[in-house]
Amino acid sequence: MTLWVLGLNHQTAPVDLRERAAFAGDALPRALDSLRTLPQVREAALLSTCNRTELYAMADDPQTLVAWLDMHAPGLSGYLYQHRDAEAVRHLFRVATGLDSMVLGEPQILGQVKDAWAVARAHGALGSGLDRLFQQTFSVAKRARTDTRVGANPVSVASTAVRLAQESFARLNESTVLLVGAGETIELAAKHLSEGRVRRLLIANRTLAHAQTLATQHGGVALPLTELDRHLAEADVVFSATAAREPVVTRVQVEQALRTRKRKPMLLFDLAVPRDIEASVAELSDAYLYTVDDLERAVEDNRRSRREAADQAEAIIDLQVARYVETLQANERQAPLKRLRAFGDSTRDELLAKARQQLSNGKPADEVLEQLAHALTNRLLHPPTAALRDAALNNDLDLTSAADRLFPEKPGYRHPPVATPIVRTDDANPAP
């Protein structure tokens, strides 16, 4: 089995394609259940955020994974990147550290990777291979953030949106801000807004209790999402980030709100993928809409300023990838020995139990021992005997040579190690 990662992100695919590729809400567990039915896939995990959808899998053939993703969202194949084995390990380490994020070093992605691991494990989609990889990923990401400043003073998409709002409204503290949703992105936006102060903070969410919790923490007013129409016109700035599959803020709603506001400008930030705000809202006069793709350009300055710390983190990741791959290769080299030992132990235990039963039934000890020795010899030597017979028929000299070393003619004899040529350095110019 090979480790594969297939995915798309903000660098390879536009937002409309990313929103079709996203696995929101209950779609993620269902997708994992679907992957588990594929005979070519042994283990799988899905990472789905506003900026990326990635499939991590232990599988024989990546085309099976490509076909599965294309069935989920037709047209993805031309936008997918693909990594295997060591490069797949490197990719996950970089993602979890925030080196592959729109906002370099963002802290939220590590939590999202942990969520992907937890969901995959809860649904039985993880095996020892991916589980070990994710555990190592968490350790590497923590070290990279501790040993470098890649995560210092992190700038998130939410904080970037708040900064743009502050630049657009010189007196944001005299404005009304509406937050739609109550997830992590909206929590971050609320935190940054409360630090800068706003005149009034409205928080609308499908689950009112979640909105109330956030409102209590940041001095806002909680609203059920069903009352969005009534309060949209009050908002000078709107931040929206829900997990809805369809837009929660429509063009019709914004048009009505602008009429009520008597064409007073409204600034809207759509921080969700799939998008929360209908794209055609950007066509309206006095409505200024930013999507996550627009914000990528706004955070490029931050990316440049943190490149030195990122280079240090990359060096840590390079070292950790090499160590991880070395450990995997060592385990692979030990695997035949472990299988051989397990085969010998299980054979011994099975035949010994049978011999003890025969003794307890009164069978003569000499006869039992004779049968035990004969059975052990046959059972243990049958696999190598069959393999050597095939090797002789197929002229497999490598296997027959290995057998000579494993089973020498003289019992107890050990073959000498393979000689290594010695290069003399004391006679650099020998006489002709």
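Each residue, glycine too, has its Cβ placed from N, Cα and C.
Model, not experiment: these values are computed from the prediction.
What Swiss-Prot records for C50 is active site, nucleophile. Taken from Swiss-Prot, the feature substrate binding site covers T49, C50, N51, R52, S101, E106, P107, Q108, Q112. Among the features that Swiss-Prot reports, NADP(+) binding site is placed at G181, A182, G183, E184, T185, I186. The region 'Disordered' annotation in Swiss-Prot covers 408-432. According to Swiss-Prot, the site 'Important for activity' annotation covers H91.
Positions of Swiss-Prot features highlighted on the structure.
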residue: C50; record: active site, nucleophile; Cβ neighbours (10 Å): 25
residue: H91; record: site 'Important for activity'; Cβ neighbours (10 Å): 22
residue: S101; record: substrate binding site; Cβ neighbours (10 Å): 25
residue: P107; record: substrate binding site; Cβ neighbours (10 Å): 15
residue: Q112; record: substrate binding site; Cβ neighbours (10 Å): 19
residue: A182; record: NADP(+) binding site; Cβ neighbours (10 Å): 26
residue: G183; record: NADP(+) binding site; Cβ neighbours (10 Å): 15
residue: E184; record: NADP(+) binding site; Cβ neighbours (10 Å): 15
residue: T185; record: NADP(+) binding site; Cβ neighbours (10 Å): 25
residue: I186; record: NADP(+) binding site; Cβ neighbours (10 Å): 25
Cβ neighbour count (within 10 Å, all chains shown) around G181 (NADP(+) binding site): 27
Spatial separation of S101 (substrate binding site) from I186 (NADP(+) binding site) - C-alpha basis, Å: 18
Proximal but sequence-remote residues of the same chain as T49 (substrate binding site) (Cβ under 8 Å, at least 6 apart): I109, Q112, V273
CB-centroid shell, 8 A cutoff, NADP(+) site G181, A182, G183, E184, T185, I186, site residues removed: L179, E187, L188, A189, A241, T242
Number of other Cβ atoms within 10 Å of the Cβ of N51 (substrate binding site) across all protein chains: 25
Closest of C50, G181, E184 to S101 (substrate binding site), Cα positions, recorded positions only: C50
Cα-to-Cα gap, E184 (NADP(+) binding site) vs N51 (substrate binding site), nearest whole Å: 14
Closest of C50, N51, H91, P107 to A182 (NADP(+) binding site), Cα positions, recorded positions only: C50
Closest of H91, G181, G183, T185 to N51 (substrate binding site), Cα positions, recorded positions only: T185
CB-centroid shell, 8 A cutoff, substrate site T49, C50, N51, R52, S101, E106, P107, Q108, Q112, site residues removed: G98, M102, V103, I109, V157
